[in-house]
């Protein structure tokens, strides 16, 4: 090799570029990028899914909570108390109503437990047998079988409908029949039979209710025509005062007899063998009644403060710390869960507005008073004394309309609570009729005691166990000391025999 060739070879070696590391194949770069993007995407999807699950749980719990709050409010019924009490806006209520209606429909078609299935099968069997007895003309046996079927399946639409039809056509009790049709319709809103039955009975029942109220007005007017100076009227008022306190504390479980109640109120002396609380319950009712007579009857409007003052006197001797104060804890009343303490202020403000509204005051006094009673006891604003305060408020409204304070007999305690339960389930009319019945019996007591009638009528005096205790009893203006008002029985009609 020549010198020139060697020089060129050396030059080529010196000018050769330095070797670089091998470059990865082109398909490796996108793979690494895709791997990173996939990780980012997975993280994003996981975060989004977690957020969605959290939002779903929050929304579901919030809807469930709001629906549970709606359970605190009276359901839609004849007097539409839920709308008047609503804590929420109309849009919220409409939205929740869809969930509420759907939950009712689902509950009707939901699976039953084994015990419930057994009861339903037995109830339907008894129902078929009852219908056979009815068609055979054996109404007494049919009635017992219908009642047995209802006891086994009290919320089965078919049982309610068949028993209602039996009451309507065989027993001629269209009012109670309509009540069962209403209940069946509330459980199964699309039930065509229930709709048809209600269309047939609703107007008739409403007319009967209105005529009943007119009858009460007539008796009230007859009582108002008696001059205040009448000695018989004064005696009747005094006796009714003792009875009212005796029965209203008796509903709450007080075991004092009428004679003992009278003795405590007249002498302020303790009764042996009875608890201090039972004495104090009677004294508290006495204070509350005097407050009504001195202040509330003359007032044009009833305020929250008035209700608190009423309650303060009811519990004044039993629990002076809680008296006149809204409760600060959640309470439970049987199957009813009243609103939480945080809702009480708003609910009571709305109740006060309803209580003094033109719409409410234009109702018949008995309807107005009964509904006020129900609304207040449904809110259950106090830790104790809600029933007594609600009954006192009811009587305040009745007294402002010229009625005497209504006596709800403690012997009818179970009926009283049953009708409140029916009102919670959607139909307040049975409770209003119950109050109307007690109003009529109280009016009859006054009219009989101030009349010259030589005969007696069922009255509200005492339980059978107290008969013969030497309790002073009402006497008519014509009767001698040997004649007294007999015991009141739950089945009494309240009308003159």
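Here the Cβ of each residue, glycine as well, is placed from N, Cα and C on the backbone.
If you look up Swiss-Prot, you'll see 1-30, 468-497 marked as region 'Disordered'. The annotation transmembrane segment is assigned in Swiss-Prot to 38-58. Under the heading repeat 'TPR 1', Swiss-Prot lists 123-156. Annotated repeat 'TPR 2' per Swiss-Prot: 157-191, in sequence order. Per Swiss-Prot, motif 'Inhibitory (S/T)XXXE(G/N) motif' is recorded for 248-253. According to Swiss-Prot, the feature ATP binding site maps to 252, 333-336, 384-391, 416-417, 424, an assignment based on similarity to another entry. The site 'Important for autoinhibition of adenylyltransferase activity' annotation in Swiss-Prot covers 252 and is backed by similarity to another entry.
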Residue numbers, six or more beyond the limits of the repeat 'TPR 2' (157-191), whose CB comes under 8 Å of its CB atoms: 75, 77, 101, 104-105, 108, 123-124, 127, 130-131, 134, 139, 142-143, 146-147, 149-150, 197-198, 201-202, 204-205, 208-209, 422, 425-427, 429-430, 433
Same-chain residues at least 6 beyond the ends of the repeat 'TPR 1' (123-156) whose Cβ lies under 8 Å from its Cβ atoms: 162-163, 166, 170-171, 183, 187
Most Cβ neighbours inside 10 Å, all chains, among the binding-site residues 252, 336, 385, 389, 417: 385
Largest tally of Cβ atoms lying within 10 Å of a Cβ, found at which of the binding-site residues 334, 387: 387
Counts of helix, strand and coil residues, the repeat 'TPR 2' (157-191), according to DSSP: 27 helix, 0 strand, 8 coil
Tally of residues which DSSP labels helix, strand or coil - the motif 'Inhibitory (S/T)XXXE(G/N) motif' (248-253): 4 helix, 0 strand, 2 coil
Mean predicted confidence [pLDDT] for the motif 'Inhibitory (S/T)XXXE(G/N) motif' (248-253): 96
Distant-in-sequence Cβ neighbours of residue 391 (ATP binding site), under 8 Å, six or more positions away: 248, 373, 408
Local backbone state of residue 336 (ATP binding site), from DSSP in three classes: strand
